[in-house]
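Data first, discussion second: the structure below is written as structure tokens.
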């Protein structure tokens, strides 16, 4: 595909002028109406730091989720008075002054359930309702019931929810899909964006922007009425992601927006805070201390921004795959994020047209077309033959292949010849016996080899099918489903991530133990079951032998760990 003509930057500068002024107004309006609850590290100050550093709980998220029994200022004053007294017991002080999160009741599924029956039975188990919360609770109230991922995750998560909703729709629970869309719209109206999760300590960042795709999913059931109903919230979310663009000069970045030297507008992940994450406090402090050559605030921001990406953590963000303290998320322009922004612009155009505003629809189409050219120019590695992230420091596309490279295919932003090359690269470098590898690098981080994640399996499967690459798409689905089934047969559960180097093993690495449940795995499994089995003969388990005979592709043996360039 040709690069954009040299005259385009000036033209593009004119295009967004009026539309971005509108967005700036929307963003200010959202800020004015938002009531921002303070996260526990601010509410509790030195007490929070001391409790986390004392490692009273195996999981740092436990105290971040604890609810103060009275005004935090009073608790803090009591702490300052008592902490230096002889015999002071910090654990006792915490137990007296806080209500700790309860352990969820262990769900024991009925015996003899098929995989599909198990998933259908889990939806009510994973459903929560928090219309009201305690005054100083870090949990943010939501007007409708919602489905949580499972395990340590006691709240709703933004991008997880889209893949969970795919499964809810597949199970016929359109009411739950509608409820979750309404909840996210409520968050946009209340806070100006959708936070990472419904916790006060997640408010400083978002996650991969799937809200427009959620509305599009709901429109499959409700028609254009859903698009028209949620157009204002989709516009507000777009304003959040593009906040600051109207003041950007070429070569500058502001929050989540990047303006390259030729005027191309792209996006990056960003967190508004540059402190340790409350839910991983001690770990973040240790990471920052391990690299004294970088300001701690810079490392904290990049750790938080990696959490905003959903890929926390991955060699994708790091200069040295074996050293987390070399991550620099904010200087990388991600291919998956910009694909999702392209899709958001396309859905906004469709929704504007449905609402009768053809002029606005044309503006969004123009923005989407400009972004598509930017993706093709800056996020394609011609030498390697795959999509990749762009490095703002080296001013070059990066060399590393990751599963994020399938996102341009998923949103129909890829050129056909490049989609064909992506199919080859996927089959050669990422396809494994148990599904699609996240990267080909073994770093010990959870978003690296040998782990495979349900959302990335589905993005790849859908993306490849969009471009007629059914053979590789079906290979991914079959390998991943076999892995899920083998694990379920042995453990009687679905898990957050899987080791794809073989089948039947949950994934490892990362900051916490493997979690079961698990929302997005449930959703993707249902979608894939219906993909591999003919409609006239739906399957409740993964068949022992492959139903479709179009493909006999074997995955190429993966190379050992490759360094990130």
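Glycine residues also receive a Cβ, built from the backbone N, Cα and C atoms like all the rest.
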Let me know which member of 511, 536 Swiss-Prot also records as binding substrate at the site of 152, 159, 160, 196, 205, 206, 207, 277, 278, 279, 310.
511
Tell me which of the binding-site residues 152, 205 sits in the most Cβ-dense spot, judged by other Cβ atoms within 10 Å.
205
What's the CA-CA gap between residue 312 (active site, proton donor/acceptor) and residue 160 (substrate binding site) in angstrom, rounded?
13
Same-chain residues at least 6 apart in sequence with Cβ under 8 Å of the Cβ of residue 310 (substrate binding site), in sequence order, are 159, 207, 208
Work through the recorded positions one by one (160, 312) and point out the residue whose CB has the fewest other CB atoms within 10 angstroms.
312
Nearest-integer angstrom distance between the alpha carbons (Cα) of residue 152 (substrate binding site) and residue 496 (active site, proton donor/acceptor):
11
Neighbour count (Cβ, 10 Å) for residue 496 (active site, proton donor/acceptor):
27
Spacing of the two Cα atoms, residue 205 (substrate binding site) and residue 496 (active site, proton donor/acceptor), in whole angstrom, works out to 22
Looking only at C-alpha atoms, tell me how far residue 278 (substrate binding site) is from residue 496 (active site, proton donor/acceptor), rounded to the nearest Å.
22
